[in-house]
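For reference, the structure discussed in these notes is given below.
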């Protein structure tokens, strides 16, 4: 004899039990519709993802025959960008413009001078920072003479003395020694009279 449509009652475990049914008979949980189809679509997606990954790996392959050269991206930094960063950093330090400076000379250990003509000078005494902005020229110490003499320090004066000592030696080495009896002043006439005696005679 078959019983149909028997009402179910949930037990403490949450499983449905047929009331008045056979002992041990339980209601089977219903499966979601299209479960096998969902699994198939998931498998297809993973296969497609693996294919895409393989294509990407083939494109990114480094080295080997038939691969294109990898171009290194070179970022060109302009001087204006560096200047902006520098000005921003200087603004943080609180620098002030110093006006009325016509030239700045920086003396090096090699005896050369880094010369700035009409530079922009900024200073921050609290940060002990000075900036000199402008066109710089590297010149020899001898080129800057005599206007630079009052700017020379002790080290520069010693190097100037060395240069002064070296110059006569170079001039002597550069010229051939004069032969005896040869007159070096051809254009200057010889003095015949004594001018001192002539002036004394005029005074008397």
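Cβ atoms are placed via backbone N, Cα and C, with glycine included.
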Of 1-43, 44-86, the range Swiss-Prot labels region 'Disordered': 1-43
DSSP helix/strand/coil residue counts for the domain 'NAC-A/B' (80-145): 18 helix, 29 strand, 19 coil
Rounded Cα-Cα span from residue 158 (phosphothreonine) to residue 44 (N6-methyllysine), Å: 87
Nearest-integer angstrom distance between the alpha carbons (Cα) of residue 52 (N6-methyllysine) and residue 158 (phosphothreonine): 76
